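*Asks:* Straight out of TrEMBL:
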type: DOMAIN; residues: 34-127; note: domain 'WSC'
type: DOMAIN; residues: 140-234; note: domain 'WSC'
type: DOMAIN; residues: 267-358; note: domain 'WSC'
type: DOMAIN; residues: 387-480; note: domain 'WSC'
type: DOMAIN; residues: 496-593; note: domain 'WSC'
type: REGION; residues: 241-261; note: region 'Disordered'
type: SIGNAL; residues: 1-23; note: signal peptide
Amino acid sequence: MKTSPSRTLFSSLLLSSLPLSLAQLAVPAELPGAWEYEGCYVDVPGRTINGASYADGADMTIEACLAFCTSKGFAYAGTEYSVECFCGSGLAATADKVADSVCNMPCSGDATQPCGAGSRLSIFHTTEVSGPQVNPGVNDYNYLGCYSEGTTGRALTYGAGGIPAAEMTVAKCTAACRAANYILAGVEFGGECYCGNTIANGGAIATSGCNMLCNGDSSEFCGGGNRLNVYNYQNQYDPAATSTATPAPSGGGANPAGPSQPETVGNYEWHGCRTEATGTRALSAATFASDEMTLEACQAFCSAYTYFGVEYARECFCGNTFNTGSVLAPATDCSMPCAGSPSQYCGAGNRLSVYAKDGTAPPLSTTTAADPTSTSPPPVVTGVPGGWTYQGCWIDGKQGRILPYQVTDSQTNSQAACANACAAAGYSISGTEYAVQCFCGKAIYNGGVKTAESDCSTSCPGAPSQKCGAGDRMSIVAKGTPDIYAPPAPQPSVGSWAYQGCAEDNINDKRTFFWQLFFPGVMTPKMCLDRCAQYGYHAAGLEYGEECYCGDPANMATHGATFRPETECNIVCAGNASAICGGLARLTTYFWTGPALYSWDFPQDSRAGEYRFLVDGVNIPLITQETITGKVSFISKGATGPGNETGAYELDLATLTFRTLHIKTDVFCAAGVTLPDKAGRQLNIGGWAGDATYGTRLYWPDGSPGVPGTHDWQENVNVLKLQAGRWYPSAMIMSNGSVMVIGGSIGSNDAATPSIEILPFTGQTPLYMDWLDRTHPNNLYPFLCVLPGGGIFVQYWNEARILDPVTFATIKTLPNAPGAVNDDKGGRTYPLEGAAVLLPQKYPYTANLGFLVCGGSTEGPGWAIDNCVSTYPEDANPKWEIERMPSFRVMSCMAPLPDGTYLIVNGALHGVAGFGLGVGPNLNALLYDPEKPLGKRITVAANTTIARMYHSEAITLLDGRVLISGSNPEDGVNPEEYRVEVFVPPYLLNGKPRPTFTIANKDWAWGQTNIPFTLGHAAQNGGGITATLLGAVSSTHGNSMGARTLIPKVTCTGGTSCTIDAPPNANICPPGWYQLFVLDGGVPAVGVYVRIGGDPGKLGNWPQGPDFTTPGI
């Protein structure tokens, strides 16, 4: 009944895809620093903000995200899907602002705050950042995005040349464009400004490359090589509109026709657009550069020479001849307006607008382009790191960047400088481009290919004898031969997974496949698909480059998801640049085509069993425990129900009546066992608070079916109590007959009690266990058992170990148990509550004992787990095997059945254990048959109509039915449940007759053989006579303390005369009381209790003192 912070509940609501109203969510009134809330925005392909990101399923808050983005030096922060945080320098141009009500998912770390929704970001902005940022807007111009230059001309066709390149800022560029009456302004290459009324000539949104600092303000970016930061005046431009024409400006002040190439400049005539020469300038006699460059200025400077040429808008070159390698290029290649005269063209990157004195003809040898396949001897590059060599000239950008990481541009760049910078950053390949650009990578991506050496014709500013690429050309230097990756595409198959297509996600804010995993920076399709297959999922989807989703093919129809055009899945996998990993709310989808990972039966007849109402209860039991008389103890917190109940009752199944019993201290969340003394007394230990946490209570059952007893619970904390206060402990009968008590908390929502103590008191103080202290509070109600080898097995949270039965020192640590597919720390013990049993031990008991635990949950979000895991702890190298369940289940219960199967019932679909912390009842029963192959053991059985959530129980009765009781979730949705049901297993519904038997000896010694019993009639169901021993159980919080299943040797002769052999020792069968069932062809008779191993701990004489009576030895 432990409570947890309210955020856990809301995280559970999140995972049920239940958006909250704005009345429940609010942005904090005060945000740290200068951060301000901007609104709710659509997350677009490539991300609306994509500078940095992280996810936190437990503690995401607005403040945490803002702190993260502040630490990274970004001006924008955004929270999404409750658990995700993104940062960036600006918002993507195509990201639309939507109503705040759309961002309606609560933060995983604070359920009162909005953290976006599916494909929706709660966006925040600050003016206080530690590094350069995209200017969000100035002069009524709003940031539109990073755009690539046009493919057939300038994206913005008017060059605003009145701003000196060294003084360029966003404010000056937007002011110049406004003065020229244009609605779009773009800054490029750190010092260039362009204007227009549309994005023309094939210019398009770019995902990277706008990374050059403004020459006049190093705190902001001014585009990059072939990249513009574009601004939109009063949002008048619609990004959805496209045009290849250059529209006239709306008013005067600009040349509406755009720049042109004059036929003559003075006595010089247009000669043509030319490339630079190979390894040197085309014209190398004289040069100067100016931010006020015009054709006339260059002509005057070169008046003594035959030719002049202007390049890159501001550079002037003179000469009498063209150096080798310079060739004519299309006139349209010379497309940059002159820095001092925007109405004229002054070349471009690696292109010169050339004029000849008096129309001098060019030499014939240079009038045609060189053979594109011809190559020059590779240059010798010195000063590079050891093992690095020149690898040639490569084409860049044809299908995307061939090297993904860009170093800050440098006016002293060289191949050696770039290679050393890349090596220092941990890369093995460097590429220089556009003279000043340096790129790094560990492979060449996007299908990069070599080209003619002459294509890399731009001299390095830091080493003029070297070439640093050219426009869309990289000079590559690498350590060894580079690996080359093909352009990204969906991988058609990965192992037994087959690609299906690009599927929709987030339909109505619900994930198509529920389980979400993150592989930041490293995801490949194989990583995602292997993980989904490991946990038994038949469908997987990859999204946003680094997100993985697991589910089943049927989920698509359930959520209305359809396949979309392949172009909508366009994001490259973070860890494999040749593979596609989804898009914006789009999943690169795969289905499993190998042997089925699971196969469940869905019978519609008696094989499903059935629920039946039994009786209206008088309390909501936290613990149920059948007595050796066949009656059932119902134990709960006293004085809480409508009848002011005492907290303890005994149900007589023969009359369906309750006898009132009494307890003195609060048993809320205590532990219980049935003692091996001859009376089969029930022991209850621990409790809620104060003296109750030390409480040690005993009940000696009496009476018989239909005949009320007279005994009551006995308790006196002055005579008998625990040494350490314990709330949520576990208890177990050890092989020597003593009672082991372990773990818990010191009281309500308090610190751990990380120790073990023994009853009766041996003189030893509680033994501290560091592993209990370390894993608190996720280790409460740990699962315990005595192993056949003598050790004590403990499973807690996601860990397990074997203890020495004398010293309790750890003698073996098992691998951690698998949790949820997206959380290795998903747990199985309270409050991440699953249910556990021991698998059957069969005569001759030579096989190792198996342990099975099903369901559970995860910290923080409370993702209920939909799998079972099993292990054999005494194997030389134990491992855990995973098996899918058909549905999510936390707070589940498991009951061993006489036929060697197990019933899984009760629980919630999401959340964790505690008041109000579970969401959605799981109404479905499952039957688990360990004799079937792994993956085929589960039968989907009958449904109940009664929600059985927190504080519900299930125990097997002597008549073979399972008693189902309890549930007080206190969630305001599901009722406090007093009704008691039974689940009738298939073996009682198949129409076969039930056997009967009588046995005189009900007190067996270990190893005793040929114990006689008599059948009421000979076997008649086929399959022969067998027997099953089920340990007496005290059931609470999914922990069936004392549960054990043994299949002993049975021999029948003469039709109705049979014998049974007792298990051989106390490690196979700890001393105590067991339900004995005799089965004919799998149908059990009504059972009886037998005691095995006597009372080696002499508990029958314990305790001595007032208020206690003892049965003796």
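Heads up, residue numbers simply count up from 1 along the chain you see.
Using the three backbone atoms N, Cα and C, a Cβ is placed for every residue, glycine included.
Give me the lay of the land around each of these features.
*Replies:* Mean pLDDT for the domain 'WSC' (34-127) in the predicted structure: 88.
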*Asks:* Check for me, if you would, whether the domain 'WSC' (34-127) reaches the domain 'WSC' (387-480) - at least 3 Cβ pairs under 8 Å, residues 6 or more apart in sequence.
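*Replies:* Output no: the domain 'WSC' (34-127) is apart from the domain 'WSC' (387-480).
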*Asks:* Sort the residues of the domain 'WSC' (34-127) into helix, strand and coil with DSSP and give the three counts.
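*Replies:* Split by secondary structure, the domain 'WSC' (34-127) comes out as 13 helix, 37 strand, 44 coil.
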*Asks:* Using DSSP, how many residues of the domain 'WSC' (140-234) fall into helix, strand and coil, respectively?
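*Replies:* Within the domain 'WSC' (140-234) the tally stands at 13 helix, 37 strand, 45 coil.
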